[in-house]
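Database features, via TrEMBL:
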type	residues	note
DOMAIN	A:2-118	domain 'Formamidopyrimidine-DNA glycosylase catalytic'
ACT_SITE	A:Pro2	active site, schiff-base intermediate with DNA
ACT_SITE	A:Glu3	active site, proton donor
ACT_SITE	A:Lys61	active site, proton donor
BINDING	A:His95, A:Arg115, A:Lys161	DNA binding site
DOMAIN	A:247-281	domain 'FPG-type'
ACT_SITE	A:Arg271	active site, proton donor
Amino acid sequence: MPELPEVEVVRHGVDVHVTGRLVRSVEVLHPRAIRRHLPGASDFAGRLTGRRVTAMRRRGKYLWAELSGGDAMLAHLGMSGQLLVQPEGAPDEKHLRVRFRFDDGGPELRFVDQRTFGGFSMGELVEVDGTVLPAPIAHIGRDPMDPRFDPAAAVRALRRKRTELKRALLDQTLVSGIGNIYADEALWRARVHWAKPTDRIGPAKAAEVLTAATEVMTEALGAGGTSFDALYVNVNGQSGYFDRSLAVYGQEGRPCRRCGRPIRREPFMNRSSFSCPRCQPRPTAR
DNA sequence: TTGTGGACCTGGGTGC
DNA sequence: TGCACCCAGGTCCACA
């Protein structure tokens with residue numbers, strides 16, 4: 001599932017292959033892929049055609065193409081979205097949703113998305129706290145790889161919440177880029193249970209969790225991201241290999257690398273959370 | 001105002 | 001073999 005490291009790998013790939021090129025045509029093959037662009041498919045295609053991509057940017061799990069003329073095409077990969085660079089005429093992928101062709105006749109950009117949670121929209125660029133980004137994501141917090149990320153402010157924001165720690169970590173308005181996988185990995189590294197109430201966490205432990213999240217995502221980026229199946233690949237269709245380094249996520253029943261206890265899996269927000277019962281004891285009741 | 005829980009969505013895997 | 005069901009999870013939204 002694409003979280004910050006995977007999205008950054010994709011952003012870099014798209015940047016290399018697409019920045020500087022002029023869009024010749026856009027083909028929307030599934031309406032859900034542009035459901036956040038309310039004026040519809042023809043408006044989306046019309047606003048992109050004839051525009052040049054001037055840069056590829058990212059914040060958290062969102063990425064966007066800055067366009068000649070000033071606005072941007074915003075993208076989110078959702079759970080299974082892929083941006084692939086393919087030669088024109090290559091066979092269509094089964095779940096091809098949007099195709100971008102360029103005026104140089106070179107490789108096209110394809111959005112392939114099995115579960116249709118990802119998609120695109122057009123957005124005006126606005127300045128928020130000294131950074132220019134698309135208006136629809138003005139509320140998204142800086143991610144830990146942002147040079148202007150303020151760890152102390154993130155710790156304060158985290159501790160102000162009155163919820164479970166993992167839920168706060170997944171709140172993209174506090175700190176962006178963290179998803180289910182790296183939240184579990186960061187919590188294991190920091191030896192804290194996902195259900196720990198945020199208002200009962202000291203500033204040092206909160207900082208430790210955020211540092212662990214930054215470290216694990218940096219390592220994952222160096223490994224090309226985490227791939228469990230064909231749902232995450234880079235723009236060339238290649239998988240990352242950080243899944244081999246995961247300590248708890250998807251490791252139910254396997255021994256903890258620190259203490260040997262079997263990793264447990266617990267339901268969390270209609271999904272799963274993985275942790276070590278000894279290293280990450282459940283918080284005591286208030 | 002803030003926190004919580006469910007819906008959305010598809011296809012692979014599993015059990016019967 | 002075919003069918004039903006479960007599961008994956010990021011984001012949004014209704015509700016408390």
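Using the three backbone atoms N, Cα and C, a Cβ is placed for every residue, glycine included.
Caution: TrEMBL annotation is automatic and unverified by curators.
Location within the structure of each feature annotated in TrEMBL.
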residue	record	contacts (Cβ under 8 Å, 6+ apart)
A:Glu3	active site, proton donor	A:Lys61, A:Gly177, A:Ile178, A:Gly179, A:Asn180, A:Ile181, A:Tyr182, A:Met217, A:Thr226
A:His95	DNA binding site	A:Ser80, A:Val112, A:Asp113, A:Gln114
A:Arg115	DNA binding site	A:Gly78, A:Met79, A:Ser80
A:Lys161	DNA binding site	A:Ala168, A:Asp171, A:Leu174, A:Thr198, A:Asp199
A:Arg271	active site, proton donor	A:Asn180
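Using a 10 Å radius centred on the Cβ of A:Pro2 (active site, schiff-base intermediate with DNA) and all shown protein chains, the other Cβ atoms total 27.
Helix, strand and coil content of the domain 'FPG-type' (A:247-281), in residues and according to DSSP, is 0 helix, 12 strand, 23 coil. According to DSSP, the domain 'Formamidopyrimidine-DNA glycosylase catalytic' (A:2-118) comprises 27 helix, 45 strand, 45 coil. The Cβ of A:Lys61 (active site, proton donor) has 25 other Cβ atoms within 10 Å, all protein chains considered. A:Lys161 (DNA binding site) carries neither a helix nor a strand DSSP state and counts as coil.
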